[in-house]
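Enquirer: Questions regarding the structure given below will be posed in turn.
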Amino acid sequence: MANQNHNQNQRKPKEDFDLKETTPNINAGRVISGDRLPITFDLVEQMKFLFARVVRAKDLPETGKSDTCNPFVEVKLGSFVGTTRVFEKISNPEWNQVFAFSKERIQEQVLEIVVKEKDPVADHPDVIGRVAFTISDIPMRVPPDSPLAPQWYKLEGQNMVKLDQGELMVSVWMGTQADESFPDAWHSDATTTSVENITYTRSKVYISPRLWYLRVNVIQAQDLLLKGNNEIFIQGVLGNLSLRSRPMKINPNPVWNEDLMFVAAEPFDESLLLSVEQGQGNSSKHENLGSCVIHLKDVERRIDATPTASVWYNLQKPKELEGKEEVKFSTRLHLRISLDGGYHVLDEATHYSSDLRPSSKYLNKPSIGVLELGILNAVGLSPMKKDRTDAYCVAKYGSKWVRTRTIVDSLSPRWNEQYTWEVYDPCTVITIVVFDNGHLHGGGKNNVGGKNGDGGVDKRIGKVRIRLSTLESDRIYTHSYPLINLHTQGAKKMGEIQLAVRFSCPSLLNVLQTYAQPLLPKMHYICPLSMFQIDSLRNQAAAITILRFRRAEPPLSKEVVEFMLDMRANVWSMRRGRAQFYRITSLLRGFVSIVKLIEEIHSWKNSVTTIGGYSIFCFFNYKPGAILPLTFTFLLLNGIWQYRISGGNLQKRYDRLRGISGRVLVVMGDLATQGERVQSLISWRDPRAKALFLIFCLIAAILTYFIPFRYILFISVTYVLRPPRLRFDMPAFPQNFLRRMPAKSDGML
């Protein structure tokens, strides 16, 4: 029996985590079945829908026992029934709601729109009248055609007899997902969704707030009325966040000269509360020595490193001193406050950031291209609650977040939605995540428990990241990406998602110029932030985004935003530790091979290899000036050879376990990333950067052949040891170029 189980385990197939190229039936510059989608929707498959817009009704008769009319409308197509909201005590209601029925599921020949009255006494609503449309007679409408004008229709009673009273204004047409009514329409596959949660099924676009760093430089305090012998510190409160300065020993005129960094969002409606506190250590009990309120609208904004003017702020009396005229209170606080727009507020890790522009729009440069994403479909999704999955996608690039509609109860959902972003830097990453909607069956705002045990939580299914610099311009990439999630037993494939991606740039020169520019704005190098400040500010930025998206309709939940921004990326994880270790060992594999080769030459394991190695050594010893030209020539030829064999290089996925310190992981990850960036110089993962590097190798091979090696060494050492006065704060061109190289960190989970 044991041997049988062992053989079964051996025969168990491994999960396929590879990237697969696909050939979807998309309308990218070609005509399909006689119908052509607009250019903005050429990366997705065409899906036809029957749309019905119920606008308003007038002169509705009273049919119930009550003296009032409580009308609503049912749109019926076979077994699919869509319902409008109910109006109470009104005979001229206005709904203006759109219903969409997928043409693939249409099996009936008649669309029926029924006006009913909700009777509070009877169990079943009374029928006021109906309007019917034959499916074959419904016109086709494809944007950019203007919307179909609604018309008044007389209501019909039983036996298709026109009523003397009551009319309904509707419009019915055949369209595609390119129709502007599509995002807000009620879809036929959401019939089981409760009416109050129907908004959770709709596709939406979200814009994250424009964030700034608020720098509060606390210089000193003056004339403090001390209470006891406890330490003194400054406390700043902005929104729900509270920061403290370092504690100072008891002194009526303490000096800090310390920065408190906050993240603030436009339009700066909040106020900053600063107070001088006296307490003991980290105890929550402390005495207020005075406070002041600063409105952010009044704070000076700066876009460079020029310091703002310092100001003395008069503090207000503590509550216990109010009303006591005999107490002289003249405490002041010396501050320098500014909103720094020269930084980019980091809400993502820099190695897979989607936006690197500074906060101030006056520093923004024009876009260099356009990114188009077609979210086609998913296959083989795992059931997320009992035997069903209600899947939707969220994609983020820059400040624009998009959310597809939710496909209810399907393990192979078809979205076929297309979105567009402006691109300002090619060395950025777009993130796409598939979630299971937990707000459709009683898990909405007003329900805590929910059904099916979902509890109103959107569960993650899998994540995909795509680096734009690895995409050729104007080429359409159609691939099926594995959706991988982490479980206690390790990594599990949750299905696959099919995407179509196109990166278009009108000017190749503008794209190549970005490789010579620093990765981050200038302020990050002139006034750098510490790692502790970056982590704290990143958490603040995520918290502001979560609060802002909670107020949208439908809201993006906290777990969605945190997973999109990888807010738990720095926690302890054995899985990440193993992945970083394997990345480092793969980089050291070449060095180990060289050591083994030297050992073989030393031990005369192969006489030909030993004699050949010794001959090369003698040649370079006799003519050392040939070292650099031959090195660059080798890199040039190797790059050409790699171009010939590239195309099958896919990112590897790593093992999934937990443990190891977050700080150690950051150091290991940075070490591996730097090595992989150097390694990418001889691969063709970023074709534009590789072309620039080959041109450099060609020029360097020629120059180093004619310039003696000792001159090159002398110039290099002299440049490195130049006086600090002759150095620049900004990183040099080679550093900028190397920092923009892709690494395997994009594939880390």
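Here, residue 1 is simply the first one shown, and the rest follow in order.
Quick reminder: no glycine exception, Cβ is built from N, Cα and C everywhere.
Dumping what TrEMBL says about this protein:
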COMPBIAS  1-10  compositional bias 'Polar residues'
COMPBIAS  12-21  compositional bias 'Basic and acidic residues'
DOMAIN    31-153  domain 'C2'
DOMAIN    190-313  domain 'C2'
DOMAIN    352-481  domain 'C2'
REGION    1-22  region 'Disordered'
TRANSMEM  626-643  transmembrane segment
TRANSMEM  691-721  transmembrane segment
Enquirer: When the pLDDT values for the domain 'C2' (31-153) are averaged, what is the result?
Expert: 80
Enquirer: Helix, strand, coil: count each for the residues of the domain 'C2' (352-481), based on DSSP.
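Expert: Per DSSP, the residues of the domain 'C2' (352-481) fall into 7 helix, 59 strand, 64 coil.
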Enquirer: Could you count the residues of the domain 'C2' (31-153) that DSSP puts in helix, in strand and in coil?
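Expert: The composition, in the requested order, is 9 helix, 54 strand, 60 coil.
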Enquirer: Helix, strand, coil: count each for the residues of the domain 'C2' (190-313), based on DSSP.
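Expert: The breakdown for the domain 'C2' (190-313) reads 11 helix, 64 strand, 49 coil.
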